[in-house]
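Asks: Below is a structure I'd like to ask you about.
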Amino acid sequence: MKIYLVGGAVRDALLGQPAGDRDWVVVGADQAQMQALGYKPVGKDFPVFLHPRSGEEYALARTERKSGRGYRGFVVDADPSVTLEEDLLRRDFTINAIARDEASGEVFDPYGGVRDLQQRVLRHVGPAFVEDPVRVLRAARFMARLAPLGFGIAPETAALMREMADSGELDSLVPERVWQELRRVLGSAQPSAFLRTLHDTGALRAILPELDALYGVPQRAEFHPEVDTGVHQEMVSDMAARLAPGDALVGFAALTHDLGKALTPPEQWPRHVMHEQRGVAPLQALCERLKVPQDYRQLAVTACREHLNVHRLPELRDRTVHELLVRCDGFRRPERIAQLALVCEADKRGRLGSEEAAYPQGPELQRVHAAALAINARDLAADGLQGPQIGEALASARIAAIAQARSLRQ
């Protein structure tokens, strides 16, 4: 029985990056031996155990053989005779197929993962890559994480991803898994690499067609020097990651704010009149299909519908600003206004040449919101107002507070 550290912990250590959870593989043991040593079985589909003291996951070395369509159709063999090399062969990428002996510290790298780390290449381990559609999503997610370190995807890996997209294999992806991977991407440093990897291999069209449809749709060059809406989508996602690191909530709203531009009739290009309204329906359909949590949906729909109003904030009347805050649910969910401001700033700065531009509308929106939020309905009730009178007086008082805050700014 031998124990090896495998996967991300080894990869990240070799990259000099902070390591997350540690995963271990056990060679030459069976389930009875593991339990006799105090390991607690937790794997439903695979022989996985928790260490009796550390609680870390230890899995028996295993092979997997494709037995059906999708990512669940596998036959697992965890016999004690399965070797370390056989276990590593089933893994997705060479950089994840590196093991380190727990006792000696010796590194085992049968598939060239160390070389690929040095050359900054994301490469699949073997032809079994095509058997699991989730690996296409994982490839794109790894690119979102590793692209800032200079990684590129191996041409042969991109070709396999394209083959999987063309074959219809990606249709078997469970929506919840797509959302799980997307949410992890939106907390990464460079979400654009996820989008670009999937788009270039044809996988984005199969997995997230609403996002893929934006590529090739032109915008007015005086407002969008990058022209292509798909490129703008990438730039906005990266800017959101820069402005709100690790905030997938803001990232999702930024990613989906312009879906309506894909619905503009080509004869109207490069203008996109009312795209902020047209984008709500495909956004809601996307959220429904992926079973996106409500807080993500609500902020995304708000940003889609209102981002142009925030851009035009200096032109809006005080009453219109109050109506905007109400539509954004800014009085019941105060945090939403700061989130919306970040999304809109990412939109404005996610354009070629505007990356370092100022966006005064963001702080201004939060300032007038704070002024209006300071008006309390309980104070009005204490003045003897009742029922609808309180609502009317509250709106009037908040509009006056907005006006005062704006006048002080001027």
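Any Cβ shown, glycine's included, is placed from N, Cα and C.
Pulled from Swiss-Prot, these are the listed features:
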type: BINDING; residues: GLY8, ARG11, ARG91, ARG138, ARG141; note: ATP binding site
type: BINDING; residues: GLY8, ARG11, ARG91, ARG138, ARG141; note: CTP binding site
type: BINDING; residues: ASP21, ASP23; note: Mg(2+) binding site
type: DOMAIN; residues: 229-347; note: domain 'HD'
Asks: Counting other CB atoms within 10 A of each CB, which of the binding-site residues ARG11, ARG91, ARG138, ARG141 comes out lowest?
Replies: ARG138
Asks: Considering each pair of residues in GLY8, ARG11, ARG91, ARG138, ARG141, all listed as binding CTP, report the largest CA to CA distance in Å, no decimals.
Replies: 16
Asks: Show, in sequence order, which residues other than GLY8, ARG11, ARG91, ARG138, ARG141 on the same chain lie with their Cβ within 8 Å of the centre of the Cβ atoms of the CTP site.
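Replies: In sequence order, the nearby non-listed residues are GLY7, ASP92, PHE93, ILE95, ASN96, PHE142.
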Asks: Whole-number Å only: compute the distance from the Cα of ASP21 (Mg(2+) binding site) to the Cα of GLY8 (ATP binding site).
Replies: 8
Asks: If you count the C-beta atoms lying within 10 Å of each candidate's C-beta, which of the binding-site residues ASP21, ASP23 ends up with the smallest number?
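Replies: Lowest Cβ count within 10 Å among the binding-site residues (ASP21, ASP23) is ASP21.
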Asks: Could you tell me the C-alpha distance between ASP23 (Mg(2+) binding site) and GLY8 (ATP binding site) in angstrom, no decimals?
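Replies: Roughly 8 Å, rounded to the nearest whole number.
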Asks: Using DSSP, how many residues of the domain 'HD' (229-347) fall into helix, strand and coil, respectively?
Replies: 91 helix, 0 strand, 28 coil
Asks: Across the domain 'HD' (229-347), what is the average pLDDT of the model, as a whole number?
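Replies: Its mean pLDDT is 98.
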